[in-house]
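Swiss-Prot has this to say about the protein:
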- D463: active site, proton acceptor (ACT_SITE)
- H112, H116, Y133, D290: Fe cation binding site (BINDING)
- Y133, V134, S135, G136, G137, D165, G178, E182, N262: L-threonylcarbamoyladenylate binding site (BINDING)
- I350, G351, K352, G353, A354, E355, A356, D357, I358, K371: ATP binding site (BINDING)
- 344-545: domain 'Protein kinase' (DOMAIN)
- 1-329: region 'Kae1' (REGION)
Amino acid sequence: MDTSKDLICIGFEGTAEKTGVGIITSNGEVLFNKTIIYTPPVQGIHPREAADHHAETFVKLLKEALTVVPIEKIDLVSFSLGPGLGPSLRVTATTARALSLSINKPIIGVNHCISHVEIGKLKTDALDPLTLYVSGGNTQVLAYTGKKYRVIGETLDIAIGNCLDQFARHCNMPHPGGVYVEKYAKNGNKFIKLPYTVKGMDISLSGLLTAAMKKYDSKERIEDVCYSLQENSFSMLTEITERALAHTNKAEVMLVGGVAANNRLKEMLDIMCIEQNVDFYVPEREFCGDNGAMIAWLGILQYLNGKRMDLNDTKPISNYRSDMVEVNWISENEFNNENIKSRIIPEHLIGKGAEADISKGIYLEFESITKERVKKGYRILELDELIRLRRTVKEARFLASIKELGIYAPSIFDIDKENKKITMSYIHGKIAKEKIEEGNLNFCEDLGKIIGKMHSGGIVHNDLTTSNFIVSDNTFVIDFGLGKYSDLVEDKAIDLIVLKKSIMSIHYDKFDSVWNKIIEGYKTYEMFESVLECMKEVEKRARYL
C-alpha cells in the first residue's frame, strides 16, 4: 500500500452493547460515523444477545457506510480487539476479517480504551493529557509515559457506568440508566451520606451502589438518592484524577467515554482543572461514547507507524489492558519541545498536592510546614467539609501512632480543625520520587521494611506513592489522610498495589529494581507471604472490561 497518499480506514466497534462503524482519513477527516445501541428488553446486557445485535447491525451499518465511501476506496480495515465481552468481540473480529479478505486490504486490531484517548486528542487541542476514561465497563485514569499508556488509577470493582446502570435498573429506569440518574439528580435537594472510598488513585464503587439501593428501598426520594449517588461517585472520580495529576505533573486533563456525556461530571472536572491551573478537554459527544471512527483512527496511527497484523493475530483479547499496547505512533521527540507543559505550582507554596497546599514557615523557633486542606469547588459543601475535617484529624492521629511503631514521621505542632490545617516539623530531605529519578535506590529496601512495620501494627496507609516518603538521614512517612486501622490481608495487599502502580506510572524504567528492593524489605513482615499472594488475587480482579 502507498502510505504517502491519504489513506482511508474503516473501523468496526463492538465491545459491548454498541455497534459502530466509522470511516476516517489519515488526515483526520471523519467521512462516516454511526453507532446503534442495543437496548435490552428487561434487565442488563446479555452477552449473547448483544452479539446477535452486532451480527445484524454491522450489515446494516456497513451498507450505509459504503454508500458514502465506495468500497474500492477503503485502504485499511480496523476493529476493536478488546477489552470487552467475548461474544461481542468475536462477532466484531469476524466482520472485520470478512471485509479484509473480500477486498484484499490489511487488517489491524486495536485497543478499545486507547482508541478513546486518541480520538479525543484528534478532536481537541490536547497534546499529552492525563485521561479519565469512564464508561459502562471501564473506569481508568490513563497517562502516556515510556512508550505506553499506563493505568494510573482505576476502579477496584465495578465501572462507573455499570454502577449507574445497575442502580437505575434497581429503580426500574430504562437502559442506559445513567441518563435517567442525571435527570433525577437535577431535582435533588438533600444530600444523603453514602460510602466514599478512595484508595490512592483507585476507587471502589460496589459499596456505594449497595448503599444507594438501600436508601432508595427505604423510601428516600429518588431525586435525592440520584443526586447523592452522582455527587459521591463523581467527586471520587474527580479526586483520583486530581491525585494522578499531582503524581504525574501533567498540564492537561481529558475526559472520554460514554459517561463523559454527563454535564455534572464535566463541570466537576472543569472546576478542578481551574483550581489546579491546568487545561481541560472533552471531545464532542459523538466521539465520547463508543464509535467506529475512533477504532479506524487508531488503526491508521498504528499502520502508518509500522504495525502489521496477520489474520492469525486477530483473535480478540477480552482483558486487553491499555498498558499491554506498545505505542509506536508517538515519537519521544514530541515530548521534548515547548508545546508539552507541566503543571505549575504557585510561587508562594513549596508544594500543591491533590488535597492540600503546602507552605513553609517558622513555628516558634522551629522550621515548619503548614498543610492546608483547601476547599474543593467541585465538591458540594456538605461532602467537602466532612472529607476535609475527617482527613485532617486522621492524618494527625496516624502521624503520632506510627512513631510508636518505630517509624519516623514529622512532629505535629498545631492542628486547626476549623481551617483544616496541620502545622508540623519541616524535614530536610528529598521525596522518594526525586531520589529514584536521580538513580539512587539504596533506600528502597527501607521503604519495604517501613510498610511491613505499619502493617504489623494494623495500619494501612491507603495512599502509598513515592511522593509520600521523605528520605534524609532516615526515611519519613507522610500524608495519612486516607489511612485506616485494619488487620485484613486484602487491605494490606491493596496498599502495596497502590504503591506498585504509582512506581510503574512514573518510574517504569526502574520499576523492577525499585519494586524488588521494596519487596525484599517487606519480607521482614511475618505475614508477607499471605499479603503477596492476596495481591495476585486482587490484581486478577482489576476491571479492564
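Glycine residues also receive a Cβ, built from the backbone N, Cα and C atoms like all the rest.
What Swiss-Prot annotates, mapped onto the structure for a quick look.
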| residue | record | DSSP (3 states) |
| --- | --- | --- |
| H116 | Fe cation binding site | helix |
| Y133 | Fe cation binding site | strand |
| N262 | L-threonylcarbamoyladenylate binding site | coil |
| D290 | Fe cation binding site | coil |
| A354 | ATP binding site | coil |
| D463 | active site, proton acceptor | coil |
Cα-Cα, whole number of Å: I358 (ATP binding site) versus D463 (active site, proton acceptor)? 17
Overall pLDDT for the domain 'Protein kinase' (344-545), taken as the rounded mean: 95
For the Fe cation site given as H112, H116, Y133, D290, which other residues of the same chain have their Cβ within 8 Å of the site's Cβ centre? T15, C113, S115, S135, N138, V256, G257, M294
If you count Cβ atoms within 10 Å of each one, which of the binding-site residues H112, I358 comes out on top? H112
Check the Cα-Cα distances from G137 (L-threonylcarbamoyladenylate binding site) to the binding-site residues H116, D290, K352, A354, A356 and tell me which is shortest. D290
Round to a whole number and give the Cα-to-Cα distance in Å for the pair H112 (Fe cation binding site) and S135 (L-threonylcarbamoyladenylate binding site). 12
For the ATP site (I350, G351, K352, G353, A354, E355, A356, D357, I358, K371), what does the 8 A shell look like? I mean other same-chain residues with CB within 8 A of the CB centroid. L349, E372
Other Cβ atoms within 10 Å is the metric here; tell me which of the binding-site residues H116, K352 scores highest. H116
Under DSSP, is G178 (L-threonylcarbamoyladenylate binding site) part of a helix or a strand, or is it coil? helix
Out of S135, G178, I350, point to the one nearest D290 (Fe cation binding site) in space (Cα versus Cα); all of them are binding-site residues in the record. S135
